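S.K.: One structure coming up, written as structure tokens, with questions to follow.
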Ligand SMILES: [Zn+2]
């Protein structure tokens, strides 16, 4: 498959976010793609005698990458949301079987076909917002069979929609009821049975842990990281969301690609992320939905030049938002990120957070995953919400219109 896309206003993200001031937009550029890769840009692309398609001078960015979602699940928590707003205490809701374990119960009971049917429209919502790659975590099964079931569903989404999928085993998300008061035994099971099975069946690219007082300790997280490393899987971690336990430092030292949430990360520990080149993933949807007030250490992250990624954390309990452009707006309004930092956060830095070194930039040798926007400037992507500026996406070199229909 060979094609030249012409008349594009390119925002390449090919320079370090901290290295230059502007976006370095380039008008009237051509992009040659072959077998899903960008093979030439500019004049080198124009001289090729290949089939061509004009992008009409529109703004073209790398396809957006949502590097942190939990979009495979059954049931929803709208009833709980309503109860809380009617003044029912969280303890009462939890005692009635609410909270994360209600999602676990519904997900365990659902077939693969049902889970897929529920997941596809959620993935489609992300796609209509410019996404070309989605990371999807397990974590609502918490048994070997149900975690692998979630991963199989996640992995199959790319057979139903034009999108790339990256999968993460998050068996250490919550303590399953079967292991009540015995978290160490569950972690043994995760390390000795679940991680090896996910690796052997090639169902997961990475392993994640929720390291928090209400979930797993730093010591338990470190055992999971070691098992992931032993089986050749990448590492990601939910850390410092509700308190400062030191999970981010432990994850960085174990070679984690990213640490996610990090509202309670100390400024001193930001240095460690810089030292290990760990991505700091900000999740403003959960911050907003939980009405959190502790801000992530943005100034220190900038000072230390830590790459910041931005993701939806799409999940039924704490971030029911399937829109990366909404997250970009929230990152600016809640955390003070600039529109440029947001754009890096959903492209180049998101690719780094998934270890996808061939995605997230428009450059020769990179994957031909692009988003085409009805915008004059990149800042508009962070500014106005739900105005659907997406004109189309190029996924693995092929054109899809804003509805995801192949052209
Ligand atoms: Zn999450």
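Here the Cβ of each residue, glycine as well, is placed from N, Cα and C on the backbone.
Found this in TrEMBL, in case it helps:
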- 59-395: domain 'Amidohydrolase-related' (DOMAIN)
- 68, 70, 238, 313: Fe(3+) binding site (BINDING)
- 68, 70, 238, 313: Zn(2+) binding site (BINDING)
- 77, 140, 173, 241, 318: 4-imidazolone-5-propanoate binding site (BINDING)
- 140, 315, 317: N-formimidoyl-L-glutamate binding site (BINDING)
S.K.: Looking only at 315, 318, which of these binding-site residues has the biggest number of Cβ atoms within 10 Å around its Cβ?
M.R.: 315
S.K.: State which of the following binding-site residues has the fewest other Cβ atoms within 10 Å around its Cβ: 68, 70, 77, 173, 238.
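M.R.: Looking at the binding-site residues 68, 70, 77, 173, 238, the Cβ with the fewest others within 10 Å is that of 77.
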S.K.: Report the nearest neighbour of residue 68 (Fe(3+) binding site) in space among the binding-site residues 77, 241, 315, comparing Cα positions.
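M.R.: Going through 77, 241, 315 one by one, the closest to residue 68 (Fe(3+) binding site) is 315.
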S.K.: I'd like to know which of the binding-site residues listed (140, 241, 313) lie near ligand 1, counting only a CB under 6 Å away.
M.R.: 313
S.K.: Can you tell me how spread out the N-formimidoyl-L-glutamate site is, meaning the largest CA to CA distance among 140, 315, 317, in Å?
M.R.: 11
S.K.: Report, in whole Å, the straight Cα-to-Cα distance of residue 315 (N-formimidoyl-L-glutamate binding site) from residue 70 (Fe(3+) binding site).
M.R.: 5
S.K.: Which binding-site residues are spatial neighbours of residue 241 (4-imidazolone-5-propanoate binding site) here, meaning Cα within 10 Å, out of 313, 315, 317?
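M.R.: Within 10 Å of residue 241 (4-imidazolone-5-propanoate binding site): none of them.
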S.K.: Binding-site residues 77, 140, 173, 315, 317, 318: which have a Cα within 10 Å of residue 238 (Fe(3+) binding site)?
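M.R.: Close binding-site residues: 173.
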